[in-house]
Amino acid sequence: MDYIPNILFAILLIAGIAFFAKNVKKLIRNIKLGKPVDTSDHTSQRWRNMARIALGQTKMVVRPIPGILHIIVYVGFIIINIEVLEIVLDGLLGTHRIFSFLGGFYSFLIASFEILALLVIVAVFLFWVRRNIIKLKRFLNPEMAGWPKKDGNLILYIEFVLMVLFLTMNAADYQLQQMDVAHYTKAGAFPVSQFIAPLFQEMSISSIIVLERTAWWLHITGILMFLNYLYYSKHLHILLAFPNTYFGKVRPKGQFNNLDSVTKEVKLMMDPTADPFAAPDENAAPPEKFGASDVMDLEWVQLLNAYTCTECGRCTSECPANLTGKKLSPRKIMMDTRDRLEEVGKNMDANKGVFVPDGKQLLGDYISHEELWACTTCNACVEACPVSIDPLSIIMDMRQYLVMEQSAAPSDLNNMMGNIENNGAPWPFNQMDRLNWSKES
Amino acid sequence: MGNELKVPTMAELFAAGQQPEVLFWVGCAGSFDDRAKKITKAFIKILNKAKINFAVLGTEESCTGDPAKRAGNEFLFQMQAVTNIEVMNAYEVKKIVTACPHCFNTIKNEYPGLGGNYEVVHHTQFLKHLLESGKISMEGGQFKGKRITFHDPCYLGRANNVYEAPRDLIRKLDAELVEMKSCKSRGLCCGAGGAQMWKEPEKGNKDINVERTEQAIEVKPDIIAAGCPFCNTMMTDGVKTKDKETSIAVMDIAELIATAEDL
Ligand code: SF4
Ligand code: SF4
């Protein structure tokens, strides 16, 4: 009979992790729908980026208030994992505070968890105030209505509840330790929860034990649920920020990719020895599609970007187009990409792993031409993103599709391109007049 | 106007069996746009004064392809790039200076992948170097005490991390450098990049250049300094929209230096 809690715990743990693993598999499959891209270059710079941006949170503190609050929650999250490890071991083995043999160091650990938990509660509360009372402009964009808004708040509620449960658990534990109850060995220091403990003084020992156990179970169950909530939430960034900063762009921001498929054709066209009337190679692969109209046309790093986006809107709040009231929002570009990718993934799940065309695509059904043409390619969004996401690359790929596959550029741009083609300048001036300025006074 | 501009072309020098140290890439705006032509001439004056051995491509220069590329026309871009690279490689060009951040970015970053490998510098970097090596000096004192704010061109700043060269030059003018609330890596676009120069902006509640000009006006400058012909046009228009053209001048860094030197 004594083993029932341990067995229940093991089942809960395995179920929680298995469900999570299933979603991770789906996540990886979806990201792999993207086109391959070589990320084996600049290895040391990539590691440095990850250490600096994801681990070191350097981009977060560009905005100091949310930056510092975020660092508190982030450190809290990392440290709390040590405590979760103890909980898991206790749960499986039926022990209590298995790490308590660490003595003074253990007291120090528990004390720092408690202080962090309190700080996290404060930070989470302030985050909630920013979202719901102060109503920062960047949380009010149209793409933030509905689920994204709820998601943002839910995470704050969950973190709040988890921290309260943790402190309640410790407070009850502390009280039981003071009462010399068997099994509750005296261990740990409780700088925060010792102030909660007096609330339980009047209660019977068995009630306090029930309280302690309840808080313990709810806390670990909550953590497992939270783990599984990640996949459905912008909170996935706590895991993906690391690979994303590693695989993020390492070239100068202004350097856009030169399409190899185009290079091949251009070289052929400019080659004076090529026979213009040669019969096309029968075995040649079908011509590649230029640019992107759907998620499968994007590179996998761009899809990883979409899953990593935490919808903070820092990109959008720096975007000149968005600032001046245009429809473009780089955050929406990322959210649309993720939504469409999820839709494609569900389609595959429902069709034995193959995608059955659903008459929809990212371009048009999610992202409009108007949004795409409003971008000045200024890179402000790329610079602002705290997790190295590149919304501009998706915009550019879709513009390429519009222009090279559909000839659907705005007519002014067609004029400009016609001028370059005919005169070697975007304006209708003759190339032979290029040096006239040197003779004008 | 003082001395004649000396503007040798690559073809002329080549015919005379000479090879200039540096190619000055003028760019489409610098060649054809009336406002930008003044920047080109100011820069030439400085080059002449400093006795730099340079040349331009003249009628052999063609659009780098930047606007085509950013509009999504990779084909047209690469056609332009390959043509330009052929010309420059034939002249064995090693070093290029340009006053246009778009040309700078494209030739520096995107041409190497297509066979064009050159050392590319922006004219503000080049000027800074001239100053440091004593080839030019700035003693005019014309700008003493003037408030100058620098608008970072996206393709110079964020795209290529060049923030300090133009600022160092402004400080050397004895002017007071004042920063807008969005500057350096957080600078706001003038609204012209990404081929926006050639089309009507999408519907919104304001034009981007007006927003940027408002940010500039906030710091009460006498001069808005620019390092890009397109930024120059956009900011000039913005200043006009705000009826400030009599109190605020928009000038390229090259023009500031040419004026300071009384060229
Ligand atoms: S690159 Fe485009 S989307 Fe990004 S901030 Fe600039 S205008 Fe906005
Ligand atoms: S792309 Fe980056 S900056 Fe923009 S909302 Fe997503 S995480 Fe934030």
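Placed from the backbone N, Cα and C atoms, the Cβ positions cover glycine too.
Quick look at what TrEMBL annotates:
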- A:300-331: domain '4Fe-4S ferredoxin-type' (DOMAIN)
- A:364-397: domain '4Fe-4S ferredoxin-type' (DOMAIN)
- A:6-24: transmembrane segment (TRANSMEM)
- A:67-85: transmembrane segment (TRANSMEM)
- A:105-129: transmembrane segment (TRANSMEM)
- A:154-172: transmembrane segment (TRANSMEM)
- A:214-232: transmembrane segment (TRANSMEM)
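The largest share of C-beta pairs under 8 angstroms with the transmembrane segment (A:6-24) comes from A:214-232, of the ranges A:105-129, A:154-172, A:214-232. Per-residue confidence over the domain '4Fe-4S ferredoxin-type' (A:364-397) averages 98 (mean pLDDT, predicted model).
Sorting the domain '4Fe-4S ferredoxin-type' (A:364-397) by DSSP state (H, G, I as helix; E, B as strand; all else coil) yields 19 helix, 1 strand, 14 coil.
Long-range Cβ contacts of the transmembrane segment (A:214-232) within its own chain (Cβ-Cβ under 8 Å, at least 6 residues beyond either end) map to 9, 12-13, 16-17, 19-20, 23-24, 26-27, 84, 87-88, 91, 151, 154, 158, 161-162, 165-166, 168-169, 172, 238-239. DSSP places the residues of the domain '4Fe-4S ferredoxin-type' (A:300-331) in helix, strand and coil in these numbers: 20 helix, 0 strand, 12 coil.
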